[in-house]
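Peer 1: I'd like to ask you about the structure that follows.
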Amino acid sequence: MKPILTVLAIALFLRVLWLPQNLFFGFEQGRDMLAVAKIINFEDLRLIGANTDVDGVFHGVFYYYFLVPIHALTGGDPLAITYFLIFLNAIGVYFLYRAVKEIFGEQTALLSSFFYAVSYSAIIYARWLSNPNLIPFLAIILFYALVRARSEKWFISLAAVCWGLIFHLSLATASTLVLPILFFIFLYKIIPSLRHVLFTIVTLLIIFSPYIVFDFKNDHILANKLLAYTGNLTKEKNYLAAYEVFFTEAADNLMPFNRNISLVILGAVLFWVLTTVKNKQTLAVAGFIVLPVLFYSVLGITPIRHVYIALPPFLGILFAAAFLFLAKSKYFYLGTFLAVLVVFANLWHSLSVLPESKGNFLQRSQRTYLGDQKKVLDYIYTSAAGEPFSYEYFSVPWWKSEAWEYLFLWYGKNNYGYMPSEAITQTFYSVWEPDETIPIYKDNWYGVLNTASNIIDIKQFGSLGVEKRTWKQKI
């Protein structure tokens, strides 16, 4: 068996480990699955995706339409859909190997692929059923296309397509990739023909056409909000925040449980890059790591952690190149020790976090896992015994019900044949999620519920609670 196949198997294994019970399914996941279901049923053929963190600015619609055939084939099962996305993520490991092999050689390609396969950060991202999930795969294909474009210019068009699709998934991440792409093209003097340039422009216009149509149909809301946002960038700048978030991301690819050691290793690796400034391939990879941080630092913006979701494969390449450089010089034992240490640290942390998915950096204060949610619905429907029922819920955020709406539609209706009643029923069920950040909201909600109703039965599934209740006042 080729070594890379072993690496792929390890990547796949770690990304699916303990997932059936611990797949996070919150309101964003429910929102997206509901949107895809409506597209399949021709109820809402969308031109735009979900809201971003900037009011009036939206993600693109690519993620929804990409999921349509997968949703249809899997019957809308979130776990099966996540398995498909994880498989795609693992395929990205192979293309990372291919790209690195062309510019660094076999050993660096294998080691960098292995680092990425076992990266704690990369594993957590791969298990996230959300639009950024596809970014690492597309970023790797983009890098592979740039490497191939050194000799086959048409690959520039493929790189542009990948960038356009990443823009649909996250404008913030796509923005950080512009400078690294241009830097790579400059380093290797990639000059595409006019035909390739025109083809690329037309392709990007097609990719961005849903944005354009939506903007014209809605009085240029996207353009106006983006202009308003960029106009406010001069206020309250924080030039160091981008580095703080970057260091956290880098640490979760080196020594997830010891940030100080991670920073020492990272600093040494970046210093090594400076000493090998004539090495084009090292500089090209470093560009994908350093330039995104500089981009946000210069703007004074504090990025959300997952804006750096494309970094893990490039960090893996740089670490592999640096450690092999040490191992092939008079520091063989040091290079070998560091490589083993990084692998061990990532595996140890992943195997510590994944069993309960507790404390991972994406959902630190939420415990809404699909396995427990299905048990809640099984209890409700079994207890209801075919009778109509309504439900009250407390979720995080408390006003978002999309996760439960989708679960009743997909799991409840498919397995028990009917949906909760839209009208309030005398006997009902209250479902609540833990709120470890601001528990007073849940306490207040529960207090009001207790005042108005009596408990008949209580069940707990993982961190989720469900109660069978009856209203004190006759309905």
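Each Cβ is built from the backbone N, Cα and C atoms, and glycine gets one as well.
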Peer 1: Could you check which of 8-25, 134-151, 260-277 is flagged in TrEMBL as transmembrane segment?
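Peer 2: Of 8-25, 134-151, 260-277, TrEMBL gives transmembrane segment for 260-277.
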Peer 1: For the domain 'Glycosyltransferase RgtA/B/C/D-like' (59-213), what's the model's average pLDDT?
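Peer 2: Here the predicted model's pLDDT, averaged over the domain 'Glycosyltransferase RgtA/B/C/D-like' (59-213), is 96.
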Peer 1: Going through 158-191, 260-277, 283-301, 308-326 one by one, which has the most CB pairs that fall under 8 Å from the transmembrane segment (79-97)?
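Peer 2: Result: 308-326.
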